[in-house]
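Student: Positions annotated as domain 'PTM1-like N-terminal' by TrEMBL: 34-176. Annotation source TrEMBL lists domain 'GOST seven transmembrane' at 188-441. The region 'Disordered' annotation in TrEMBL covers 464-543. According to TrEMBL, the feature signal peptide maps to 1-18. Look at TrEMBL and you will find 189-211, 223-242, 257-285, 297-318, 330-351, 372-394, 417-435 tagged as transmembrane segment.
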Amino acid sequence: MNLKWWTLAASLVGCTYAANEMEDEIVLENKSRHRQICSGVYSKEDIGGPFDSQIEIDFTGDSNGKVSLIIFAYQDIDRLGVPVEDSNGRQGIKYLCDHDAIDHGLCPESDYGKVIINNYGHEDEEESGADIWSAPITLPSEPVIYNVSTTNYYCVVTFPLEDRFEKYKASVHFMNAYGHLPASQYSLLTFHFVMAVAYTVFAATWGYFFYRYRHDVLPVQKYLTGLAVFMPVEQWLVWGYFVDYNKSGLAGAGHKAYLGIVSVLGAGRLALTLFLLLIVSMGYSVVFPTLGRRLKYAGILAVFQWFAAALYALDSYLMFSEDEEGTLKLLMFLPLSITMVASYIWTLRSLAGTTAYLTERHQQVKARMYRLLWWILIGSALALFLFVLLHTLFTSTQRLKDFINNYWKTKWLLSDGWPNIVYFVSFGLICLIWAPTANNRQYAMSTQLSQDGSYVPDAEEFEIGSLNGSGDEGEEDDLQPPPVNQSGVHRVQTRETMFSADNRDDHDIFSDDENAGGESTDPWNRDEDEDELVQAPGGRLRN
């Protein structure tokens, strides 16, 4: 059997992986990777819309020769071709009706240039209900239009008939009744609208509590507020992109500029999220009032990450052709992968260090916050992994043909939908833990003592009132009893007074570079009498 028929067989089997569904116009030409394309198409009866669902193939004017054109639903692929054996005894399938097939009685002469349809042995298989259309096309020719009657995964295959080196080029449009958006992405139109509404409601709720407790807001909550405002803006723009895509297609500089903006904002969401996760894991505002140089370094990493992610996104959607994408995509992905790995490692190390620091000092309530953060991160990773695992197990029970025929309807959920849902839930849970409350500053400045009486402050801990000094006055006062206030009551912490604004942890953040000249830079430091809680007789607290 001639080698070109083996090539056609491979094309038919592999055509499902050839489609780039971010393109409005797909080009076919006489190259092994570009002779076929597949895409899902909804029928007008199933989806509704102002247009007719159809597939249009338009050969360019410089095409010449004779080409076989085949259009079929992938569900019917087993009906294409007849089994044959070549001169070496190898089994294969003959797909096209050519002179050799006619001479061997595989097809009538009137079917020359068409695909051979074989219904023998497939009577029990469910048919797609779509027409299998094929014809020899003498180039140049008028556009070919195939009307879609049923919702299916359709493939368009071309192959030179007489000269394997024929030069031709054709643009293929898979048109759905609702507009230009590919069928596999149509569900994203509704999904991103729902996500935009959800983020807007979340931002409004967060904004209410932020305004209500605006005089007691911590610095890290201001960063979270910025991201909470950024997210609905980004989601509404993403939804607008899909609306514009569906209405106008990908043509025009305006759409490409819009896509560039959305890509940069998506990169920004990634960078800002990892930046916030990093500074939260470091204990910013809750454990340590300032991070010093570490905050600046985290910001620099976020800027590089934003730039790398934006460059990779723009490379993927706007800059380079498919022939160039292999090496360039690797080069563009390398900076992003380096910054992401650095961010992940730094975040996990910081989270482990902060939790260990709080546990060592018996600050169990704060430590519980960071353990919850750890479980949120673990839970989000497991949610993504288990979803992919369950999806894989489910699809592994299907035949390859059934999987390919149905996957296009749900792949948006795997690639875009579920990760966005997990992100929204995880972000919401983190914000819930760090939400603004009426006692933010008191909680942040508090030091919880061990309830079993076994904890003894170390040399790095002192009263909040002593922050006006250098913090390095000597060790002889470190283990002194708590000071006595005017009422004669020691400032001690019991089960009734778990948190007190009068004492807190001092640690490496009060280093020489942050307190030059012996002056405190503590942003929480106020007059001692302003927030002081003392224990009155009977175990009650009073100001």
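A Cβ is built for glycine as well, from the same backbone N, Cα and C atoms used for every other residue.
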Student: Is the transmembrane segment (417-435) in contact with the transmembrane segment (223-242), using three or more Cβ pairs under 8 angstroms as the rule and ignoring pairs under 6 apart in sequence?
Tutor: yes
Student: Note the mean pLDDT of the domain 'PTM1-like N-terminal' (34-176), expressed as a whole number.
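Tutor: Summarising the domain 'PTM1-like N-terminal' (34-176) by its mean pLDDT gives 84.
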Student: Take the domain 'PTM1-like N-terminal' (34-176) and count its residues per DSSP category (helix H/G/I, strand E/B, coil), listing them in that order.
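Tutor: Computed counts for the domain 'PTM1-like N-terminal' (34-176) are 18 helix, 61 strand, 64 coil.
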